[in-house]
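Asker: Got a structure here, written out as structure tokens. Questions coming.
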Amino acid sequence: MLLAIDVGNTNIVLGLYADEPAEGADPVLVRDWRMRTEPRMTADELALTVRGLLGSYADRITGISALSTVPSLLRELRVMLGRYWTDVPRVVVEPGVRTGVPLLVDNPKEVGADRVINTLAAHHLHATNCVVVDFGTSTNIDAISAKGEFLGGAFAPGIEISLDALASRAAQLRKVELVRPRSVIGKNTVECLQSGILYGFAGQVDGLVRRIVAELESTHGGPTTVIGTGGLAPLVVTESDTISHHVPDLTLLGLRLVYDRNFGS
């Protein structure tokens, strides 16, 4: 089985894929787990958590594909893989690793591994231009050509970051649960915050996506498929007018695909 590991700033996501999909079929995600990222976690602590979640699957791993957007955990991730899965073929996505994704930006080394992997997965799923909206610590909106080229994108503060900042800077406001309010017009402080965060972010995303799609199609033609992913995507996607597909495991799929590119399938 293949273990996919996505170490992000807020969460670490694990995915377990079946060994060999049927010819022409997409890889089958058997299980997935999500846990809070601890930036000071050591390789041994990371391994203890990962192996604990995997349970009996831990000794059935035949391949590993991983990435980390947290520099302090990238080294610990490498150490963990070398120490606990010594003989298992593995790929850690970083500059120099073969992904097959052309990075048509000013400085390709600045592009995060998660954005590259999402590009690979989006192009695998759709033979059109794509825009990927990844709702994580930041909200990343990336443009991809129908040829699978990464063209760049836009960053915006993530939902939780914005909510934390608002609660810390406004004396009478506090952090609230991120759920859909009864109506857009809030009847109390909690609902007003929930409405502003949820519908405000949906509007922000739709505005950026429309501009990106217009620019993308003016230079690369159309059509364009818009994909939502990331931990907070389920909350916003249903309120978005532009996101047509919700793919929760987009990054995990990309990790599976990049493993196959480097080790064959």
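Cβ coordinates are placed from backbone N, Cα and C, and glycine is handled just like the others.
What Swiss-Prot lists as active site, proton acceptor is D114. The ATP binding site annotation in Swiss-Prot covers D6, V7, G8, N9, T10, N11, I12, V13, T137 and rests on sequence analysis. According to Swiss-Prot, the feature substrate binding site maps to G112, A113, D114, R115, T189. The feature K(+) binding site is assigned by Swiss-Prot to D134, with sequence analysis given as support.
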Asker: CB neighbours of R115 (substrate binding site) within 10 A?
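Answerer: Neighbour count, Cβ to Cβ under the 10 Å cut-off: 23.
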Asker: Are there any residues in the same chain, six or more apart in sequence, whose C-beta is under 8 angstroms from the C-beta of D6 (ATP binding site), and if so which?
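Answerer: Residues satisfying the criterion: I12, V13, L14, G15, A66, L67, D114, T251, L252, L255.
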Asker: Among all protein chains shown, how many Cβ atoms are found within 10 Å of the Cβ of D134 (K(+) binding site), not counting that one?
Answerer: 26
Asker: What is the separation, in Å, between the Cα atoms of T137 (ATP binding site) and G112 (substrate binding site)?
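Answerer: About 13 Å separates the two Cα atoms.
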Asker: Check the binding-site residues T10, T137, T189 for other C-beta atoms within 10 angstroms of each C-beta and report the one with the most.
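Answerer: The largest 10 Å Cβ neighbour count belongs to T137.
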Asker: Counting every protein chain present, what is the number of Cβ atoms, excluding its own, within 10 Å of the Cβ of G8 (ATP binding site)?
Answerer: 22
Asker: Of G8, T10, D134, which is closest to A113 (substrate binding site) if I measure between C-alpha atoms? They're all binding-site residues.
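Answerer: That would be G8, the closest of G8, T10, D134 to A113 (substrate binding site).
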Asker: Which chain neighbours of the ATP site, leaving out D6, V7, G8, N9, T10, N11, I12, V13, T137, have a Cβ atom within 8 Å of the mean position of the site's Cβ atoms?
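Answerer: Once D6, V7, G8, N9, T10, N11, I12, V13, T137 are set aside, the remaining close residues are T37, T69, V70, G136, G231.
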